[in-house]
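Participant: Okay, here's the structure, questions in a sec.
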Amino acid sequence: MSWRGVLAVVLFVLSCSGDAQDRKYGILQWPENGAVISNLECKKQMDLLHDHLEKQIPWAYKMIDSSSKINYGILTGNVMDFGNFDECMAVYHKDKETGIEIRPKYCTYSLMLFFPNPIKGDPKERSSLHYSKEVEIFAPKMNRSSTVQEDYITLALSLCLPSACKPSEIEAYIPSVYDMKTFNDDMCQTPETGKEIDTSDIIAIVILSIIMLCVILSTTYDYYLLRTKKESPHLILLAFSVLTNARKVLKTTKNPDQLMCLNGLRSISIMWVMGGHRYSIQPYMPQINKNHIDTWMKQPGSQYILGAPIAVDTFLFISGCLMAYGFIRSQSKPNARFNVFMYYLHRYLRITPALAIVYLVHVSIIRHLSDGPMFPEIFNTIRDNCLEYWWSTFLYVQNYVNMDKICLLHTWYLSMDMHMFLVSPILLIPLVKYTKEMIYVLSGLLVISIVCPFLIVYFYEIKMFDDYYYDYYYYVSHTRLAPWLIGLLCGAIISIYRDKPFRINWITNVIIWTVVLFGMINIIYWGNDVANHYNIWSTSFYLSLHRAAWAVGLSWITFACLKGYGGFINWILCLPIFQVIARLSFCMYLVHFSVLAVSLARIRTPSVFLDYEMLYSCFADVFVTLVVGFVWVLLFESPMVVLEKIIFSGAGRKPKAPKPDEEIAVRRLTDVEEITKIMRLNLMKSKDPETPIDVVVSDVKGEEMASKYVFLILATIVFAALAQENPSEQDNFVAHENLQQPGTYPESNYDGYLVVADYNEKPQTFLASLLPKAKLATQLSLRVVTTVALYTVTAFSFLAVFGIMASIVCTFTPVCYNFQLWIAGLRNVESMRSLVNTDYIDAAANFVQEAVLKYKRLQRAIHTGY
């Protein structure tokens, strides 16, 4: 008989719903002479079940009805059936005659049917996703072998039993027509499963309750302050406030000192990683067309998701780039200090609290949140690994110590990132003083980081996605150094050329962008050929070079966007929404695997593997993870960051109350007159008539920045006009000795905007001093009005021409970037504050300072009888 005939007979026998002679119901068959079971309680309940089946009592039929039946489409991969989990769990019966109480027990098991399978080939060659070690936690015992293999079919099924019975005791009720039966007593659950409270649950409840109490109290106090328009005496009182933390997270800025395009790269990468994990986990789930996954994977179009692992290298590049860029800028400041201990401690406290809460949830609370056919097995496996290897999780060594039993599977990346952070001072400290020389050193290390994985892949004959691939290449830190080192190089180069001009023509820009984008796409699609057609040389070259090549492409994207050559790509990467997602990306990475696990562990029925359905699920994962990540940031990450600043930086203390004569320097300003008073006060304190204008107005804070910059513009025009009235270049200005003597000139003796007059001169009559001033005031008023009008008309004319030109050349020139900064400077108060240190404002301040000196000479001339 052919294999098709054998399979047809087997399926016919298994599908028989009942037979009076065989006393068979569903997959269970009661022997006529009775089954031999050592567990008498189980035998009583099974006999009662059979008796009530014969009498057609509903509860008994529900127990049989909720058990699995043989599926359709077995040869297309529909080899998993969970029955009706909820129907089984709802069964309850207490027999009045015998007093036997029957509660349900839902169990999973596997059946193996041997036959000549027409689908040939090694399943590892057909589907690398099936054997992805990163997600094998989702391949529990009941479905890990539920595939259509070369010589047999393994079915993953379920059985609803009386609670007194174990699966191994039911073998006597299973027909011998099956070639093999696999039962496991640990693969069963009852309605009480997951409801036990142990010590870990109590600890988790106490810790989370304390945190929630702090959140409620802090948020309530913050709301009270908002209503009463008061200020908090200390920052710690608002550390757990949801209102304050939400404002920080949702706030968007256009600070030119930040590498804004990295926000877009980070946001896209985290969503790409989530999509890759959803696709890689799906083959372990019940699928009607599971064998279609093998065909789908070989198609070039599947690489947009199969290439998702390279997004991890994007994170490493961003980490290295920001590390070098921020370190060089911070250490280049005068009197900058570097404390290695605090450097490491800050990093540990930055990422560990949020990770600890995720750990706490997985060892306790999450198993109480839901249920499902695979729910206990998946989360019990995670819990056991976490309880056994908790120390490697918080020491960040699990990518070397226990790669087969990682507590939270995706946190291997945190261990790798921590290792690179630990060695970073060795490279960053000399990078500050010897930036150009260290670039050559980093380049040499980059070559070594490429040669190392090449030798590992070649000598171990590693194939993509096999066990060696994960243990010796994917998880370990020393094979992942290339993108991180390239990130360091990129950050160092950006810090050197940040404020220096960089010009290329638009043709060169287009050519570079084309090469970079084409190369990065080719890197992703090259992996498809390497994965499906193994060759030791091509695999070695690909696995050693593709990460470095990807990071080089990211370097150009970052540098081009920073210098204004990013065009619409820079516009996309700098969207304000990406700033918010980037702030949430760390917590999103921490919780996204938990969201996936809960979603998949609750599955009751098979689904179909199609691109539309998968993309739909991916977008749902992103949305749910975004919400959960946002909550995680508000409750666990942001409060810990604030507490760390308070403890180690002394931040948050209430500032001392200002003295009466300094009160004007801190209150809200709304007009030029009060700004002028501040400038007078600061100039008197400085005792130096050549104090820069930006220092003079440095005490203007907060929302008054807008008024300050408006005043600077007006002051520049006025001072320029006044300077033209100086009759000669002779120095009539009084020597500065008197100005350097404290208390020489009281505040009441100030005349004009910033000028201190010389009161050692001979007094003048009222009319003698009034007429020249009136004449000069009239002339200056006319000149200022005329100048402002002329400048306004000219400015609008230039803006019109500029708008037309910018719309044409915006894409491939830095005009757009600079224009956006200019607009940000007018619209955003925070951006105005950040622009104070730029070359443009420094140049304007120098111009105003020169005008001030000329104005002082003019005032001296006025007082001496001009």
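From the backbone N, Cα and C atoms, a Cβ is placed for every residue, glycine too.
Take a look at what TrEMBL says about it:
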type     : residues : note
SIGNAL   : 1-20     : signal peptide
DOMAIN   : 39-190   : domain 'Nose resistant-to-fluoxetine protein N-terminal'
TRANSMEM : 202-221  : transmembrane segment
TRANSMEM : 304-328  : transmembrane segment
TRANSMEM : 348-366  : transmembrane segment
TRANSMEM : 412-432  : transmembrane segment
TRANSMEM : 439-460  : transmembrane segment
TRANSMEM : 472-494  : transmembrane segment
TRANSMEM : 506-528  : transmembrane segment
TRANSMEM : 548-573  : transmembrane segment
TRANSMEM : 580-602  : transmembrane segment
TRANSMEM : 614-636  : transmembrane segment
TRANSMEM : 706-723  : transmembrane segment
TRANSMEM : 788-817  : transmembrane segment
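Describe the structural context of these features.
Facilitator: Listed by sequence, the residues of this chain that lie at least six past the ends of the transmembrane segment (304-328) yet keep a Cβ under 8 A from its Cβ atoms are 129, 259, 262, 265-266, 269-270, 272-273, 275-277, 279, 297, 413, 416-417, 420-421, 424, 428, 431-432, 435, 474, 480, 483-492, 494-495, 523-525, 527-528, 531, 546-547, 550-551, 554-555, 558.
Within the chain, the transmembrane segment (348-366) has long-range Cβ neighbours (under 8 A, six or more residues past its boundaries) at 198, 200-201, 203-205, 207-208, 379, 382-383, 386-387, 390, 393-394, 407-408, 411, 414, 418, 586-587, 590-591, 594, 598, 632, 636-637, 640-641, 644.
Among residues of the same chain six or more beyond the transmembrane segment (412-432), those with a C-beta under 8 A of the stretch's C-beta atoms are 312, 315-316, 319-320, 323-324, 327-328, 331-332, 338, 340, 343-344, 347, 351, 355, 396-400, 403, 406, 438, 441-442, 475-477, 480-481, 484, 488, 492, 589.
Same-chain neighbours of the transmembrane segment (439-460): 427, 430-431, 468, 472-473, 478-479, 481-482, 485-486, 488-489, 492-493, 536, 539-541, 543-545, 548, counting only residues six or more beyond its ends whose CB sits under 8 Å from a CB of the stretch.
Cβ atoms under 8 Å from those of the transmembrane segment (580-602) belong to residues 137-138, 249-250, 252, 262-264, 266-267, 270, 273-274, 277-278, 281, 284-285, 351, 354-355, 358, 361-362, 366, 369-372, 374-375, 378-379, 382, 408-411, 413, 621, 624-626, 628-630, 632-633, 636-637 of the same chain, restricted to positions at least 6 beyond its ends.
Long-range contacts of the transmembrane segment (614-636) within the same chain, counting only residues at least 6 positions beyond its ends with a Cβ under 8 Å from a Cβ of the stretch, are 211-212, 215, 240, 242, 245-246, 249, 271, 274-275, 278-279, 282, 353-354, 357, 581, 583-585, 587-588, 590-592, 594-596, 599.
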Participant: With a Cβ cut-off under 8 Å, give me the same-chain residues at least six positions beyond the ends of the transmembrane segment (548-573) that come close to it.
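Facilitator: Sequence-remote neighbours of the transmembrane segment (548-573) are 259-265, 310, 313-314, 316-317, 321, 446, 449-450, 482-483, 486-487, 489-490, 493-494, 497-498, 502, 504, 509, 512-513, 516-517, 519-520, 523, 810-818.
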